[in-house]
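Undergrad: Sending over a structure as structure tokens; questions will come in a sec.
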Amino acid sequence: LPPYLCPPPGVSKRDVREKVWDYLEKSGLAEFPRPVHHRIPNFKGSHQACCSIKELDEFSRAREVKVDPDKPLEGVRLAALQARKTLLVPTPRLRTGLFNKIVPPSGATKEILRICATSQGIKEYSVPVGLDGKARVDLVVVGSVAVSEKGWRIGKGEGYADMEYAMMVSMGAVQEDTPVITIVHDCQVVDIAEELLDDHDLTVDYILTPTRTIKTNCRRPKPQGIMWHKISSEMLGKIPILKSLRYREKRAGKDVTLRDEQSASSNATAPAALSEEATAEDRRARTVQGSARREPRSVESRALSSRLEGSGTITTVYVGNIPPGVRVSELKCVLREFQATPLRLNWQGAQRRAFLDYKDQAAAESAVSSLKGCSLGGNTLRVELAKNQRNEGQV
């Protein structure tokens, strides 16, 4: 390893990333997509490194494999498909859920399987897996920018691999002994100071390079679930399925206080709008849910109707796959929890659907984004802009 690539004491994760990215580019090891900066870098020999996973007993035994969508892991995705394993790939930036399951067409040829392993194939041959999908992952494969022989990993800095693993723990999709593998070039195996690691960082059990298979024997615990106190409201807003998991864990009695909610409550002089709003929403949810049992069409119905006045062009959102037996009050509670309360709600419980009216298209699209991946009564809701405007049957 070139001496200048060995991180000296006191460097940051960012320093390590920059050194690895720079070296891959300057040495001619970088492959498409270029430049490799700010990516999980693709490198010459990635397919060879991926193929060595077939020699691991952990891969042979695995029936369900989760592999990140990064380009250098394409060979692992292909190997999983060729071995007829269930292949799960996280959705890009977790915008529409957690996993997509790759489903090759019946009688797929080798060439079709190769396409299924690419980013284009993931789009064309995948189906979403919701929180109620009962995923049981036997093997996790992640990309890395740098990794140490001790199993300490540095990603590209956005935290998605760490978050995906924590979410899988929360869903019960992985166990403590579920092996984690990373695929890198030999030059990406560097010394990493332990003080750079945080308790939410994912460690790895195997490192596969074009020339080596390294068993790390890592003893550092992996994340035990979602650390809500480290998640900001901004991140929660960007990842709809994270909202669903938070809602589920909150109902189970877990502490789901966010980072900025904590800082707001601990500092009375700091802006506390977010935590105050959340507390107010909780109070309103309890009050309205209680009154809904007594007067389901009273105060809230009049308030919703009055808010429609002067609201402009109404845009409607369709909500489907509502489980039998779910009440309108439960849906309203979810809408408040996800800050997607409509101007008007048209409840069609017998048809297992509802229509939500918003003041304009921007508000409706924001609600669709917030509710994507949301689970109610064990079902992942189908949420999309409605084809037609429906202005009757107000609740």
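The backbone N, Cα and C atoms fix where each Cβ goes, glycine too.
Unlike curated entries, TrEMBL annotations are predicted automatically.
Not my notes, these are from TrEMBL:
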| type | residues | note |
| --- | --- | --- |
| COMPBIAS | 253-262 | compositional bias 'Basic and acidic residues' |
| DOMAIN | 315-388 | domain 'RRM' |
| REGION | 253-306 | region 'Disordered' |
Undergrad: Give me the DSSP three-state residue breakdown of the domain 'RRM' (315-388), ordered helix, strand, coil.
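TA: Helix/strand/coil tally for the domain 'RRM' (315-388): 24 helix, 25 strand, 25 coil.
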Undergrad: Tally of helix, strand and coil residues over the compositional bias 'Basic and acidic residues' (253-262) according to DSSP?
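TA: Secondary-structure composition of the compositional bias 'Basic and acidic residues' (253-262): 4 helix, 0 strand, 6 coil.
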Undergrad: For the domain 'RRM' (315-388), what's the model's average pLDDT?
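TA: Here the predicted model's pLDDT, averaged over the domain 'RRM' (315-388), is 85.
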